[in-house]
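Colleague: One structure is given below, represented as structure tokens, and several questions about it will come after.
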Amino acid sequence: MGAGMSGGRRRGAGVGWGSGPSSGMLPLLALQVILEYGRAGASRPPVTAALIAANALVYLRPGALDAFLPPLSRVAFNPHLIIQYGDLTRFFLSAFYHLSETHFFYNMTSLLWKGIQLETSMGSVEFASMVTALLGLSQGFTLLLSKGLLLLGNETAYYDQYAVGFSGVLFGMKIVLNAWSDDYVFLHGMVIPAKYAAWAELLLIQAFIPGTSFIGHLSGILAGLAYLWIKRSYSGPDPLSLLISGIANVVSWPVKFAQRLLRPGRRQGGRVGRRAARESARGMWRCVACTFDNSPSVDICEMCNSMREDRVFPNRQHLQDGGSSDLSVDEIRRRRLQRFDR
């Protein structure tokens, strides 16, 4: 969450991007994305691109999506409605809605910068798991803080405030990104350690933009800290990452299958090669002299009468069978041709 709405303003909020005149920030955002993903050697992290695209589609509402997507007033985060009626639509979708072009632009540029760094270092599966965890944790902390304020006598945060935006997840990402950083950042005339930048930004945004959701941003910071604590405390594989990886494998299986079908050289060895592979699996052994595949029940090649090399037999038995290991090159070639002409 990022931008908050009062109860009165909420009734008028139900429109998407096209509700007002454009301030020219969308082309600038598109240019930033093209520069990051189009430059030579760029990593092009797919999950970050998908998140930006999802937020853009929800805000632009092009074509049939306008009728399919619920209006902003139906998804704005309100603790009372979520707890009272179990409204999961507000719990999850509110993060992907934005009030204005400016609100959308700043959140997406922040997502572009943080997402590329985190996804490149963590990997796409773990990054997707982290974003999912931060989304659930930040929204959950918002419910807890609002309920706590209600118990202390402050009803505004619980009943009257409605919030939307991806800022809660972004604050959590900032905590994760700077958790082990020893760098310093310059923020509105102040030089502070990068690991504390999210806390300073929380206070500065609230001071300069009073209409934002302080609880939503604070919940994002707490979500980032909780995520780091969970990662440090739990050393096993991340169940959420395993789930996302499994879903990705299922979704990508048809593409991989089609690639195997179209890949050149798939049928190595043709019919004979496939037969040899099947026979080898059943214990067949191949003669080194004529390459004939023999049954495991015999120790003398049925084609050229050569001994099986991985076993030692008495010379007498070999001679009784009429075998000879001193075959000429022409004789071996003739027997090979005879084998394939059968």
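The backbone N, Cα and C atoms fix where each Cβ goes, glycine too.
Keep in mind that this is a model prediction, so the values were computed, not measured.
Straight from TrEMBL, here's the annotation block:
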TRANSMEM  127-150  transmembrane segment
TRANSMEM  162-181  transmembrane segment
TRANSMEM  202-228  transmembrane segment
DOMAIN    281-310  domain 'RanBP2-type'
Colleague: Just to confirm my parser: what is the rounded mean pLDDT across the domain 'RanBP2-type' (281-310)?
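Modeller: Summarising the domain 'RanBP2-type' (281-310) by its mean pLDDT gives 72.
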Colleague: Just to be sure I understand, if DSSP states are collapsed into helix, strand and coil, how many residues of the domain 'RanBP2-type' (281-310) fall in each?
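Modeller: For the domain 'RanBP2-type' (281-310), the helix, strand and coil counts are 1 helix, 6 strand, 23 coil.
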